[in-house]
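What follows is a single structure, written as structure tokens, with notes after it.
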Amino acid sequence: MTDTTIRARGAQAAGSPAGAGPLDAPDGAPRAACLELDGITVTFPGVRALDAVSLSVRAGEVHGLMGENGAGKSTLLKVLSGVNQPQAGTLRLNGLAQRFGSTRAALEAGIAIIYQELHLVPELTVAENLMLGQLPNRAGVLDERALVARATAELERLGERIDPNTPVKLLSIGQRQMIEIGKALMRDARVIAFDEPTSSLSARETERLFRIIHALRADGRAIIYVTHRMEEVDALCDRVTVFRDGRRIETFESVADLDRDRLIGCMVGRPIADVYGYRPREPGDVAIEAKGLRGPGLAEPVSFSARRGEIVGFFGLVGAGRSELMKLLYGAARPSAGHVELNGRRVSFASPRDAVRAGIALCPEDRKQEGIVAIASVADNLNLSARRHFSPARLLLDARRERELAARYIARLAIKTRDADTPIGALSGGNQQKVILARWLAERIDVFLMDEPTRGIDVGARAEIYNLFYELADAGRTVLIVSSDLAEVIGVSDRIVVMKQGRIAGCVAKAQASPDALIKLALPR
């Protein structure tokens with residue numbers, strides 16, 4: 001098994017006795033810094049991306065990096081990988097000053113970056129990707145037998161049962177990520193940085209990644225872990241450093257004693273209460289009601305209602321049926337029993353288009369795959385639904401109307417984009433989510449179904465999204481929020497429906513909502 005293999009090698013390399021802490025040397029003293037940054041400054045025209053940043057990472061630790069988008073985390077990784085050259089400051093690796101002119105130079109020195117967008121060649125095989133840059137050859141001819149043998153050995157070390165001759169394009173995201181990790185290990189990288197590695201992984205793939213990272217840590221490697229997710233910091237990190245506006249704000253030396261409110265305050269530059277900014281309101285009549293609804297993912301009939309001006313959270317563990325329920329409400333799946341009522345009238349949707357016409361819209365969990373057309377412009381994405389109102393006979397006028405509509409909502413929702421023609425794929429996750437919301441605002445939607453609306457979005461952008469939800473509720477709209485983030489679902493919801501194994505386990509009023517109460521309802525008996 002991979003983690004056992006890596007741990008065994010790590011114990012031999014580090015010589016650590018039983019009972020030594022992860023950051024301790026064999027004699028119990030703290031391990032020395034493996035990587036040191038001193039006064040690193042990176043500037044671009046008109047922008048100081050990193051401002052005199054100093055940071056140390058120890059061998060045998062997982063060091064978390066947190067901060068909003070634009071805080072400087074990605075620039076720091078690019079300095080480590082040789083993509084960006086600092087204008088000032090020193091980078092030391094094992095006490096020796098280094099300056100990398102290329103990613104190859106950084107990798108040869110022992111630094112590997114596992115980016116969010118994986119850098120593999122889809123058309124090449126697993127073996128070829130693992131060995132890129134060091135393909136075995138005999139007299140200048142590729143030694144395929146040696147290639148496959150070395151790749152097979154590495155896959156076994158990772159615990160991956162993959163045919164090394166498989167083209168990478170046929171692998172899952174989780175499998176591709178393991179190939180990236182394998183590449184780093186084959187080059188004996190002692191510093192490995194992960195950039196938001198779980199953003200596209202399933203729960204099972206995430207669990208497997210965490211086991212690998214724990215094993216790498218036990219092997220004495222220095223791990224840098226960039227994330228937005230507090231639960232990942234709790235599960236993995238020994239220390240965590242917060243960045244804001246290109247500066248290192250603070251390093252928290254013990255995650256076990258971490259003050260979450262203080263950490264989030266460091267990230268956004270204001271108290272945590274301002275992040276959720278909850279404001280109560282008096283709800284109106286029932287807007288949407290499910291009565292005995294059955295369908296894919298639901299083990300028992302589901303019944304609930306939500307009122308105008310109300311924000312209802314849906315919490316549960318993976319497989320609880322929350323996303324499946326949203327798809328039934330949206331017409332993306334057909335119920336096998338029960339029905340939905342909208343404003344007191346029974347409705348039935350043959351497709352999502354029918355739901356939108358009736359006033360129900362969904363912002364999907366997989367924003368990039370189901371919510372946007374990444375290569376299309378912000379304006380095109382914003383107008384995807386509204387175009388059905390425009391007249392084919394008046395194309396020029398309607399093109400003008402589309403641009404006016406896009407400009408209006410870009411301003412109204414403070415969407416950060418160069419202009420309306422910018423490809424939406426170039427925007428941050430928070431701004432992509434705003435474009436999806438703008439699309440439905442242009443449709444005069446009454447019921448908004450939000451499935452994991454802030455996944456992969458930094459804390460500052462989350463606050464803006466939450467404020468949009470409050471504005472919708474203040475205007476009498478109904479917002480249903482599926483969220484796996486306990487603090488979020490408690491912080492923004494008027495009440496919370498807890499689902500478990502395809503059924504509703506209970507409904508909790510805001511005054512009684514606590515992490516313990518929700519978890520107890522969500523856990524299988």
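Just so you know, glycine gets a Cβ as well, placed from its N, Cα and C.
In Swiss-Prot, the annotation region 'Disordered' applies to 1-25, one of the ranges 1-25, 76-100, 301-325, 351-375. For Gly72 (ATP binding site), the count of additional Cβ atoms within 10 Å of its Cβ stands at 24 [all protein chains shown]. For the binding-site residues listed here (Gly67, Gly70), the lowest count of other CB atoms within 10 A around the CB belongs to Gly70. Sequence-distant contacts of Ala71 (ATP binding site), defined by Cβ-Cβ distance under 8 angstroms and a gap of at least six in the same chain, are Phe243, Arg244, Asp245, Gly246, Met267, Asp458. Burial estimate for the binding-site residues (Lys73, Ser74): highest at Lys73, by number of other CB atoms within 10 Å.
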